[in-house]
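Following: one structure in structure tokens, then a few remarks.
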């Protein structure tokens, strides 16, 4: 059985938060809130924390995660909910894989066929996921520290290029700010993965919340630098604002491609996120039938995720359009479904107590 410490869970949560925000959501946030987009991550965090708190209340008395509680308390309804979560993370993983393929193809390997890139990505993800969540958390711990440190140094390395008038006035347009926060929730809602993977005893609520705050803070720093350097209007036109601001770093006249060094830390962050999503899909499937072999499911599930990434998202525009409807999906998966789970498990416990008396 995989054993993870609270701090390993913290690093995984922070890395997962950081990785989900490196996708297209910042573009929609900037389109909505302009210069205020960088701190609208606060709203996304505020929305998702109550759902995580509710899940931790259910897990508090038992050393089990939500999947295990659902399987024990209500086999039929529990399996249906687990199946919904598995479909959700399969869709998320397909989106991540397609985004990553496009990113590598456009920025680094434009002549390499996308199918080859996709095959390489999913092969690495399968190898990581097959090793279990202990390996996932250790890799998160390994890669988050150097990449997080690089993000924290961004404002200092870009100090000469930052224009503060690009991020003023602050808190202009409350409606637009709320809309940007709703798009931020479209990414933060994925963090419902944490109580599905870790029990409350292995990763307590305070570590879960701190991991989300840390990841959101790093995202805010990166988006602040993008807007402060390029301005909101130009930043919203980029395929990947985070990468474009990293390309602005110039250490010396001879090292004008320092972005390649940073990418060496950045790419593993996204890879661990893809592997984590693949793991939770296969882990969920193992609860649907007792005879499902976990190790035998990683390769077909990974290949199916790759196929879905090309099937569901034909181009970059569809990737961005998905992020427009993703907050609505997250309202169902990350807010309403936890409420439903809470009532199922609590009612089962209440009726069980009455039956004993």
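Keep in mind that glycine also has a Cβ here, set from the backbone N, Cα and C atoms.
No curator has checked TrEMBL annotations; they are predicted automatically.
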Please identify the range among 114-130, 165-181 that TrEMBL labels transmembrane segment. 114-130
Relative to the transmembrane segment (37-55), the stretch among 142-162, 182-198, 294-313, 325-345 with the most Cβ pairs under 8 Å is 182-198
Highest Cβ pair tally under 8 Å against the transmembrane segment (260-282), stretches 76-94, 114-130, 142-162, lands on 114-130
Region pair the transmembrane segment (182-198) / the transmembrane segment (294-313), three or more CB pairs under 8 Å: no
Of the listed stretches 76-94, 114-130, 142-162, the one with the highest count of C-beta pairs below 8 angstroms to the transmembrane segment (294-313) is 114-130
Could you check if the transmembrane segment (76-94) is in contact with the transmembrane segment (142-162), meaning 3+ Cβ pairs under 8 Å among residue pairs at least 6 apart in sequence? no
